[in-house]
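As annotated by TrEMBL, ATP binding site applies to B:LYS7, B:PHE8, B:GLY9, B:GLY10, B:THR173, B:ASP174, B:TYR179, B:ARG184, B:LYS209, B:VAL210. If you look up TrEMBL, you'll see B:THR47, B:GLU74 marked as substrate binding site. The domain 'ACT' annotation in TrEMBL covers B:264-335, B:344-405.
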Protein chains: 2
Amino acid sequence: MARIVMKFGGTSVADLDRIRNVAERVRREVEAGNEVAVVVSAMSGTTNQLVGWCQSLSPLHDAREYDAVVSTGEQITAGLVAIALQNLGIEARSWAGWQVPFHTDGAHGKARIERIEGSELVRRMGLGQVAVVTGFQGIGPDNRITTLGRGGSDTSAVALAAALKADRCDIYTDVDGIYTTDPRMVPKARKLERISFEEMLELASVGAKVLQTRSVELAMKERVRVQVLSSFQDLPGTLVVDEDEIVEKEIVSGIAYSRDEAKLTVRRVPDRPGVAAAVFTTLADENVNVDMIVQNISEEGMTDMTFTVGKTDLARAQAALAQKRVDIGYADLLADTNVAKISVVGVGMRSHAGIASTMFKALAEKGINIQVISTSEIKVSILIASDYTELAVRSLHTAYGLDAA
Amino acid sequence: MARIVMKFGGTSVADLDRIRNVAERVRREVEAGNEVAVVVSAMSGTTNQLVGWCQSLSPLHDAREYDAVVSTGEQITAGLVAIALQNLGIEARSWAGWQVPFHTDGAHGKARIERIEGSELVRRMGLGQVAVVTGFQGIGPDNRITTLGRGGSDTSAVALAAALKADRCDIYTDVDGIYTTDPRMVPKARKLERISFEEMLELASVGAKVLQTRSVELAMKERVRVQVLSSFQDLPGTLVVDEDEIVEKEIVSGIAYSRDEAKLTVRRVPDRPGVAAAVFTTLADENVNVDMIVQNISEEGMTDMTFTVGKTDLARAQAALAQKRVDIGYADLLADTNVAKISVVGVGMRSHAGIASTMFKALAEKGINIQVISTSEIKVSILIASDYTELAVRSLHTAYGLDAA
């Protein structure tokens, strides 16, 4: 017997047939003797409609009212899933976030869970009642409903699993697990049996968006074993676990890519202390997030500075830097949106040399030019021309021995 | 300055434009210096969709889950109306029934309001904040959301007006007031400036369904002055008030009709004690509501018994009586669905003779045969062949001097 939290996203509860399918999946866990809590998202499309209504009534709407409106989506699903379970003869009841309660801070629209009172749920689960809980929401210090921000249902599930001391948090989604890379791009991509929290975080932040980053951070902190699996197929998923639980560590576990970044180069800027600060303070003041940064060696007292920003922030970054051109004292500002970031991720890198050189060799063989390089403890990222994305990802997948047999 | 509860039904908040229109109406009351609480229904169509989902997942669904699902409709509207008000610069906040709270009994799906804690709302209204409250719902002793049953939003509004000691409860709807009869049928129908609670109850129960009966009963008990008026036109409505507030009482204030009833005649039944009980106990056991009842004089120890039931109950009534045919000992059971009930209502009847004779004379002049007659203190109802409905209503409208000049 185990205690399990099962989380179903918007596409998994998109209509009544899928809600019946969810109930069937829950039934199987109950009949296997498990204690089950279910966390549900809004039916896909619902949240967007509710958000759209708020926005069209007032672009600068009160976040507290937004929360009151948008939180209804999960309340509907929770009640419907409870009804579908009861219809299968499974004892169940729905819980809104304010009923459990999920205590959050007062940051309406992007609240953080502070404390979950799980004792009543645990008591009822012990008596065989399935708890169907609304994801994405809680109650703030003002006794009003708060939402956690988009994608917050994963975080709700992980936080609930921690509060209930659950053995596992199963995240049902429209993919069947975590792959070594995007299987739509690389047919030889393999599904991973296990992946560490750290690797999952690096993969998520560079484009393999299966789990919300915040939920992985929380799972890592609270040591909640997370499983990612498909709502629609009956296949084992991928376990996201502590590094210690992975016996046979692969040196590289995945290749991620992202086309969401743009490259900016500040040309011929004086190479003296304080210039980098001037550039990046200007961007920070505009709330522009900077990712990779490189600076060339100095020539005649001048240097070039290259960095990447999100494509959606590009126009804002350009405008801000143009305004400070005289202060910063640069000659030219070049932008390139035709770039892709490729990242190789693996906890095994910590104890293995030669990871980066394998990468550079594989890309050189295909004639792919590397524009920017940045590394972290378990990740090497490069920027290349975006036309070469597929070729680069496939070549690296092969070079690191990740191809399926 | 007055304290006002404004209630808007489903068609009044059916889309974003209408919600903006509601906000405009509220603004006018606020700018006139009034303290305002707004009670809203779900956007029209929403409740039916939610109910449909519950039913198709399980025809015998848990009423507690039904309430959790269906109550979201008003929560959406309340938040959207608050946003629309804020967008006009009016301070406002939404309140779910559980937040106010509206304490109800535990009869999920058809709960009754027991107590409303209005002090916080009164305090905020005094500071100029508009309270936007979900109609139709509250919180039960089990700390779960309850709904009041269909049409319950009128009752929510009247109960809130009583709790807040409001000067008036304005019910905005898609008609602009209470008429002497159905204006679609009688072009000369007049809008009433005032009508008493008792008259409103009699009119509502016979087909002029503008206000939910329960809300009128509550308004009468709590002495809440109710105004019925249009959301879409800028016209004075009809005040529903205590009889004492009506100085110039009209003898007859309205003519109502209903085609929702069917006539049943039990032919040649033994005229002895206990036979009526046998007939009506049989129907009561089947939950069939009986309205008008007449019994002819006896002939050779046998009599006929005629009564009306709702058309939707007719098949059940016939089946139940057929099964008890031998016990009751009747010769024949005749049904007629081709009937209409016409009612003349007015508190002035109490002190005026000749109301019924005016009716019979007017109908006789048009050759309309009266099949059944029943009377109450402030109402005379008759059953006629339904083909004559319009003719009867128009003739009576003229006979009682109700025609507009």
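From the backbone N, Cα and C atoms, a Cβ is placed for every residue, glycine too.
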Any idea what the Cα distance is from B:TYR179 (ATP binding site) over to B:THR47 (substrate binding site), rounded to a whole Å?
-> 28
Within 10 Å of each Cβ, count the other Cβ atoms and name the one among the binding-site residues B:LYS7, B:GLY9, B:THR47, B:GLU74, B:THR173 with the highest count.
-> B:GLU74
Would you mind splitting the domain 'ACT' (B:344-405) into helix, strand and coil residue counts from DSSP?
-> 30 helix, 14 strand, 18 coil
DSSP assigns the residues of the domain 'ACT' (B:264-335) as 28 helix, 27 strand, 17 coil
Using DSSP and three states only, what is B:LYS7 (ATP binding site)?
-> strand
Pairwise Cα distance for B:LYS7 (ATP binding site)/B:GLU74 (substrate binding site) [Å, integer] | 12
At the level of the C-alpha atoms, what whole-angstrom distance separates B:GLY9 (ATP binding site) and B:GLU74 (substrate binding site)?
-> 10
Give, as a single whole number between 0 and 100, the mean pLDDT over the domain 'ACT' (B:264-335).
-> 90
B:THR173 (ATP binding site) to B:THR47 (substrate binding site) - Cα separation in whole Å = 17
Over all shown protein chains, what is the count of other CB atoms within 10 A of the CB belonging to B:TYR179 (ATP binding site)?
-> 24
